[in-house]
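Enquirer: Below is a structure I'd like to ask you about.
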Amino acid sequence: METSAELHTAFQALLEAVPPAGNQRGLLVTIRDEQLVPISSLPSSSPDFDLDITSLQQHLTPNEALYIILSRYNAPDGFVAVTYIPDTAPVRQKMLFASTRLTLTRELGTEKFRETVFATTKEELNAEGWKKHDSHIGLQAPLTEEERTLNEVRNAEAEEGSKGTGGRSSHVSSGLSFPISDDAVEALKALATGGDGALVQLKIDVRRESIELVGSGPTTAQDLAEEISNTEPRYSFFRYEHDYDGEVSAPVVFIYTCPSGSKIKERMLYASSRAGVISAAETHAGVTIGKKAFPITPFCLEATMPEEITAQTLHEEFHPKVEQKQAFSRPKRPGKRYIPEITLLIKSPCYAYMETKHVRMGSLLVGRARAVLRLLATAFGNIANANTNLGPSSDTQSSGILSKTIGWPPPKLDPSRETAWLDGLRGIAAFFVMAFHFNQAFLGLYTEAPYGSTLLPYYTVTYAIWRLPFIRFFITSGHAQVSVFFVLSGLVLSWSSLDRIRAGQSDKLLATLSSATARRWVRLYFPCFVVGFLSFLGVVLGYQPPPTVRVYPSIIRQFWDYVLACETFARPWIRDRKYPDWLHSYSWIMWTIPLEFEGSLLVFVLLMSLARVKSYGKRCFVLVFLAIYACKFGHWTYWLFTTGILIADYVKHFGGFARLTQGTIGLYKLGSWLCFVGGIWMAGVPNPNPEFYNKTGYEFLDKITPSAYDRIEAGARFWWSMAGILIVFGGCHLQPVRSLCESKLARYLGRISYMLYLSHSGFPLGVGLAFRRWFSEIWGTKRYDQVIKADVYDFTLAIEVILFCLSWIVCIIPAVFVAHWCEVLVDRPSVNLSKWIEMWFIDGNANTLSSQAARVNEAEGLDSEGIALLPVYRNVNVE
């Protein structure tokens, strides 16, 4: 994307006409014919920014994206770049504007823009919205009382140390000044006159608020560290007798030591009083200090413990080494580096919108993957010996390698765990989500086009066999898997609590729900923070950031921005979130976690409300009513979680999964298969995207879709939710489905499913894309496509099938490897952390964790490893 000459001219005119002297407040910019062009300017009638901004509202529409350049600050960098992308804007327009916003500021000069703002509603850009934006930017870090106290200590010490070791002025004249005892003054006078004592140590008596003598006596520079306390702060005056170049001298050195284990109050008092001690020694005792050594300051000895004050460090303080200056050596000229000028496509015209010029992300991700593998290989020796429960040991060499690298095979199936097959169903759903994103990376925005649909802008009809109903489930069912996870979460989270309700055990129910509620936030969000931190590191290292991330020059400021993003993302009291409130600006793939947390709380509240309702019929009435009510008004997440509780109560009422399967015969069995197969068909409903394809064969669904879902993915979300309910409900009755989900492969995928969900997204668009680019240059025929104005590669059918299979292998092997180790290093520690926090608050003793583990797991309906049912995600760019 390039900026037009008209835009440069208009921006130059804006620079010359900004308030208060000029009459232009801003400039409106759009994308037209693959160029950034100006639309109109915003007039300025007042030097007040809030008054001028009211004229902007008439230019904002709910279905058209826009770039807005505003002059807000009276400074050379006084411009603000606003990217306005409303929720109802066309999908292609959202992608173009989000991926080009950095180009706008770069082409016009980043030094002219103080900040960039991303907005989705008109209200964010009125006067009140700007005030909220300013207050959010000005937020300070939330600190505890102890952290604030420590900061004050560090600031006081840093101010003292910023003046260096030589010639420090007493900046603490406004600080504390305690009276010094007579014994201390006499000892200092003896030191000043050259008496027997070479070391005088003083301390602060906190109760008396005075400076007291600790001791005085002879010592040498070699024995000095042994004389000074290593547990409490000290003020020490030492006469340093030494010979340098034949000249003997004995200057007095002032040494302030403050061990890191000192109390906070002591650190504050000593840091604030040391200038007063120096002044008293010079005034009342006549001590002439030749050097003031503050070991905790970065300029001096860089130490906090007396052991670091040696004869060598004292010698270097008085007689530093003289560095020999060398003439400037001109560095060698670097070699030239070739960067591709345009993106590479694989028979996917719409993919031109998903990449920009000079793409290097694929190769960068490959490099990062190699670094991660080397790091894991280094740490593997310690991890392999730990009790990581990677699976049963094997006598064969191949099994041993797989067990140590990816944790295969999974532990043996426990027949007593009736819900074990749900782990396998969760794993299969996670795998289909990964498959969906892989296919999107390979086929682009045409992935979900149904059989017989017209592909735009080519106006060609596709008759690919895999686009047929039922078959497309294995390619495009990623959206529906979200519903499968939410239904499973409602089912499993309520499983053990329903036993308490049916048995009338209200006290045990309270313990169950209390434990589940206390642990849920940490269990869900802690892995997101750790994995999301990798995206923060990518931004710091200079990789292309997500469109919603603002890049700061300071690492500390960037980290604070990441912390604020995590806080907003994991804020527990926001309910019924809407797009984009559920997004983490550093990692969009985690959008379902806030919805999972909301749904979990709903489950706990409903179970508490039904605690004394022993009648199955009355419970069903309440749950069915709430599910229909939520469905009617478009609250699809609450609908799915409530239905999960309903299915769990249904299975409990009929004796469990085994008895339910045995009783499903005849028409009941036929109906169960119809439910399951119907769910498979609904999972293949395409995501509406009229700019690239039509919904051939699925148009009739628009007439029967509830109106509340018209603005939720154009009604498709209703059918994806129905698919999740029918798949889970039908599978509860069918032994073949349960047997499939209890297989080794399904249970293995279930164990790593959450980490596979969090960590797999970089492989299809990173490693996979780099591999396909390399493969295409060797085996493909390159041509220039006039429609999309980009290079594409053509293949024979056989070569394309080989490329598809090889790309799958290249992506899935590292994805499974990383997911396994993330499960070991991130997921399991987060489970233990949530248990530890709960036990600490209950008992004040984390040692009770192991003895309480079974009860805590049962509270949330989990297996022995505490693995929770977590949702998968969609590709937000396509939505």
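Note: Cβ is positioned from N, Cα and C throughout, glycine not excepted.
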Enquirer: Suppose you had to name the range TrEMBL annotates as transmembrane segment; which of 427-444, 463-480, 481-498 would you pick?
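Expert: Residues 481-498 are the ones TrEMBL records as transmembrane segment.
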Enquirer: Counting only residues 6+ away from its ends, which parts of the chain sit with a Cβ under 8 Å from the transmembrane segment (620-641)?
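Expert: Hits for the transmembrane segment (620-641): 483, 486-487, 489-490, 576, 595, 598-600, 602-603, 606, 609-610, 613, 649-650, 706, 708-709, 712, 717-718, 721, 724-725.
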Enquirer: Would you call the transmembrane segment (524-543) and the transmembrane segment (754-775) in contact, using three or more Cβ pairs under 8 Å, pairs 6 or more apart in sequence?
Expert: yes
Enquirer: Suppose you look only at the domain 'ADF-H' (1-135); what would the mean pLDDT be?
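Expert: That region's mean pLDDT is 86.
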Enquirer: Who are the chain neighbours of the transmembrane segment (718-734) in space, where the CB to CB distance is under 8 Å and they lie at least 6 residues beyond its ends?
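Expert: Apart from its flanks, the transmembrane segment (718-734) reaches 425, 477, 479-488, 491, 631, 636, 639-640, 643-644, 647, 650-651, 657, 660-661, 664, 668-669, 672-683, 685, 701, 705-706, 709, 712, 741.
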